[in-house]
Amino acid sequence: MTNVAGAPGAQPAAEPAAPRKGSETLHYARRNPKLLIGLGIVLAFLLLGLIGPLFVDHGPNEYVGPQSQPPSGEFWLGTTSFGQDIWAQFVFGVRTTFLIGVFGGGVAFVIGTAVGFIAGYKGGIVDEILNMLTNVVLVLPAMVVLIVAIAYLDARGVFVQGLFIGLTSWPWAARAVRSQALSLATRDYVDLARLSGRRTGKIITTEIAPNMSSYLVMSFILLFGGAILIAAGLDFIGLGPSDGVSLGLMLESAVAWSALQFGMWWWFVPPGLGITVIVSSLYILNVGLDEIFNPKLREL
Amino acid sequence: MWRYIGRKLFVYLLTFVIAVTINWMIPRFMPGDPVRSMLARASVGNPEALERMTTYYNEVFGLDTPLYQQYFSFWGGLLRGDLGVSVMLYPEPVTDVILRAVPFTLAVLLPAILLSWVVGNHFGAFAARSKILDNTILPLGYVLTATPYMWLALLLAWSLGVVAGVFPVANGYSFSLRPEFTWLFISDLISHWFLPFLSMFVVALGGWAIGMRNMIIYELEADYSNYLQALGAPRRLVRKYAFRNAMLPQITGLAVQLGTIIAGSLLTEIVFNYPGLGTLIIQSLNSRDFFLLQGIFLFVVVGVLIANFIIDIVYVLVDPRTRVQMTGGSS
Amino acid sequence: MTLRVNDLKVYYQTLRGDVHALDGVTFDLADGEIMGLAGESGCGKTTLGKSLIRLDSRMRHVGGTIDLDGKDVPIADDDAMVPLRYHEISLIPQYAMSALNPTRKIGRMINELLRSRGVRPADISQELTRRLELVGLDADVLNRFPIELSGGMKQRVVMVMATLLNPSLLIADEVTSALDVSTQRSVAESLVEFRDREYVKSMVFVTHDISLVYQMADTIMVMYAGRIAEKAPAKTIINAPRHPYTQMLISALPEVGSTMEQGRLEGIPGTPPGLLNPPTGCRFKDRCPMAFSKCSEQPPLLEIEPGHWAACWKTG
């Protein structure tokens with residue numbers, strides 16, 4: 001997922017905060033339709049995932065209605081061929097989607113930024129080794145590794161899935177953070193901190209990270225979206241959380257029970273649409289952020 | 001030049017070793033007895049056959065020998081091209097099963113990657129022409145990259161296959177036909193190939209368009225673009241240069257995106273029950289055929305490594321900057 | 001008269017309002033004249049250089065006219081400027097090191113540029129080779145990529161390329177700042193030679209290195225905060241400057257080879273006014289030791305002796 005927002009080359013190193021920067025950022029933020037629309041949709045879905053399930057008085061996998069019903073007043077998104085309420089599955093699935101995004105994206109973010117910062121700041125042999133590691137994990141096709149790894153697990157949960165996704169999808173973030181940290185590590189104020197004998201971790205967290213905070217936020221959003229897509233793929237293959245509900249699992253059962261052949265579009269359209277809308281809103285939100293933080297992109 | 005290639009080769013070799021090691025480790029260190037759970041799921045009816053298989057797999061896993069010996073014999077088998085015997089299709093060797101599926105996967109994957117790359121790059125460059133185009137093509141591109149491969153495949157199968165009835169929605173060719181070199185069979189093959197290809201192509205398109213758009217904006221603001229415009233060069237020439245230069249990082253992007261796109265093709269195949277590696281993965285998962293699964297894993301990894309290496313070489317040949325630096329051009 | 005700039009106003013549009021980068025600039029440039037354009041960073045000299053050939057997207061032409069060889073130069077109209085660019089007005093940019101397309105061989109790029117400007121490369125290839133040799137380059141550079149050339153070589157390629165169509169006006173923007181001292185000298189000498197051979201009719205040489213410009217320029221124009229402070233023959237500016245700003249600038253030069261940047265730090269107390277809301281009256285008055293009540297009105301640029309212009313109430 002490097003080809004999405006904030007692609008390489010698009011931004012020079014983050015600049016040290018200028019006094020007026022805050023208000024200027026806000027000024028652009030309020031006027032950026034990409035940011036506002038993206039953020040609006042993401043928040044709306046988050047809200048749906050948070051409170052939607054509270055209004056469903058039966059389990060998402062319970063057989064509560066007539067079988068194979070198209071959307072109606074009673075079952076907003078219709079029912080599966082077993083009589084499960086698709087709306088109920090959808091709102092629970094949205095919740096899982098955010099959960100896996102935060103968790104999988106979070107793990108990847110922590111590993112990626114840690115590796116990137118240390119490699120970029122320390123340089124030398126440490127950089128060499130971490131860079132090699134990054135390249136190796138980058139080349140390995142994450143999804144296929146995940147399939148093999150997860151296939152052997154008998155009991156699977158959202159967190160295990162998120163952990164595995166995080167472990168395989170951090171490399172590009174590490175690369176990006178490394179190049180940013182490299183350019184920042186040579187700045188005067190970092191030199192000063194180093195000369196005054198402060199510890200590496202302290203310098204990274206107090207001097208370097210704040211100066212590239214916007215970049216880090218954007219990396220996290222991309223990892224978040226990527227984790228959602230990977231999780232959906234795994235769920236679809238049948239390696240999702242056992243006995244759970246997710247948008248990917250909905251797609252899986254729709255295909256497994258021939259929703260396609262029976263023309264039950266209400267079974268497979270909503271989950272895919274949900275994923276697409278959430279993830280694309282995240283990406284578009286990210287472009288908006290990029291335009292705000294990176295003056296070069298403000299005008300075309 | 002050779003130093004660069006040597007370095008790359010080293011990374012790829014290291015990756016391969018790590019992949020093989022992962023492959024070897026997973027069944028041995030995950031909880032449970034892999035042979036028993038595998039054979040339990042394989043639902044082998046004949047007890048005699050079951051016993052034969054159990055003996056065979058126990059031997060292959062060599063669980064009674066020390067770990068390092070298991071590791072080396074694993075490598076030994078691998079280097080002889082022996083990936084074991086499939087449980088699902090016992091006693092067919094895993095390699096044969098995979099080789100039968102690979103052409104189908106490649107037939108969808110290669111044209112989809114290359115065409116989407118070419119077309120996506122042009123779309124992206126086109127988007128950078130004006131604010132209006134940028135604001136329409138760009139969000140569309142993001143929606144496409146955010147689309148799960150299997151979902152678009154489902155939508156296409158449903159709309160063009162089930163509803164419109166234009167294309168078949170399952171399998172690699174009709175069961176009524178036998179593989180042969182006739183027009184009837186080939187046209188049947190193509191009509192089965194088209195929807196998987198199309199859905200791969202469309203999803204991959206978005207990423208390339210976005211990448212190109214970001215790169216070309218950067219190039220259009222580069223000093224040489226500014227200078228050409230100051231000298232009154234037409235936009236056409238400036239764009240031509242910017243496009244060409246923006247293509248170069250997109251070649252590297254091809255390597256980076258490969259893993260994601262391959263994953264996408266596996267998912268797409270599953271929707272269409274297309275007889276490639278993706279469908280094979282699902283089948284092997286359902287019948288707990290871990291030998292087959294791991295064989296596929298190694299195949300994909302090797303394929304990705306080879307593709308990466310080809311892309312590296314192409315990049316060196318295409319970009320005069322790296323080429324000159326490597327051949328030590330006189331200056 | 002080659003170039004006549006009259007009351008030119010070009011503003012930068014920013015979030016906080018217009019920056020008055022050029023606020024009423026008037027001067028003439030004669031045939032064969034090399035004019036050094038000097039001043040501190042942010043005084044508008046680079047903006048003036050750009051305005052003469054191509055406004056960038058944030059620059060807006062607010063008022064004033066430019067005539068070149070008796071014809072109007074429509075700087076506000078990007079399309080109408082195209083025929084003039086390269087043929088009549090050309091540029092050696094500040095970023096000459098990166099002004100060439102990195103993935104095209106130099107000869108091919110020049111040919112493509114020429115063709116796009118309606119010139120047949122074949123008609124001009126001999127001249128191109130001759131001029132490359134004049135600046136000490138082998139014609140073989142045309143078969144090289146920019147990355148294969150040193151900084152000085154790239155600079156000279158750009159010089160030859162920019163002047164290939166014998167433009168009437170050449171803008172050389174800080175062309176020497178990125179070079180070492182000996183290369184600076186040879187670049188400056190080549191530019192004078194280009195003028196002598198009439199490859200270019202006249203030249204605006206933007207720099208902050210007064211001592212370099214003194215050796216090559218016929219006249220020097222000093223700018224301050226978006227306006228012209230003084231313009232005079234190079235000798236006069238160095239030996240008998242009249243405007244207090246120029247005087248302080250020259251006296252702050254410790255020796256040959258120093259730059260204006262250092263001059264400001266050591267010599268003139270205070271900083272130039274911001275150009276977002278420029279002060280009324282003389283813009284130098286807050287730093288000027290000779291300021292008096294009259295300075296709250298804007299001093300006109302007057303010809304105080306033939307060829308010597310200054311904008312100061314004390315000189316008028």
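Using the three backbone atoms N, Cα and C, a Cβ is placed for every residue, glycine included.
No curator has checked TrEMBL annotations; they are predicted automatically.
Note that the structure is predicted; figures quoted are calculated from it, not measured.
Per TrEMBL, compositional bias 'Low complexity' is recorded for A:1-19.
Per TrEMBL, domain 'ABC transmembrane type-1' is recorded for A:94-286.
Taken from TrEMBL, the feature region 'Disordered' covers A:1-22.
TrEMBL lists A:35-56 (among others) with the feature transmembrane segment. Long-range Cβ contacts of the transmembrane segment (A:35-56) within its own chain (Cβ-Cβ under 8 Å, at least 6 residues beyond either end) map to 29, 85, 87-88, 90-92, 94-95, 97-98, 274, 277-278, 281-289, 291-292.
Annotation comment: TrEMBL describes A:98-121 (among others) as transmembrane segment.
Sequence-distant contacts of the transmembrane segment (A:133-153) (same chain, at least 6 residues past either end, Cβ-Cβ under 8 Å): 115, 119, 160-161, 164-165, 168-172, 174-175, 178, 230, 233-234, 237, 239. The transmembrane segment annotation in TrEMBL covers A:133-153 (among others).
Residues or ranges marked as transmembrane segment in TrEMBL: A:215-237 (among others). Panel annotation: around the transmembrane segment (A:215-237), residues 1, 4-6, 11, 14, 97, 100-106, 108-109, 112-113, 142-143, 146-147, 150, 161-162, 165-166, 169-170, 173, 176-177, 180, 209, 246-249, 251-252, 255, 275, 278-279, 282-283, 285-286, 289-290, 293 of the same chain, lying at least six beyond its termini, place a Cβ under 8 Å from a Cβ of the stretch.
Cβ atoms under 8 Å from those of the transmembrane segment (A:274-293) belong to residues 4-6, 10-11, 14, 25, 28-29, 32-39, 41-42, 45, 90, 93-94, 97-98, 214-215, 217-218, 221-222, 224-225, 228-229, 232, 247-248 of the same chain, restricted to positions at least 6 beyond its ends. The feature transmembrane segment is assigned by TrEMBL to A:274-293 (among others).
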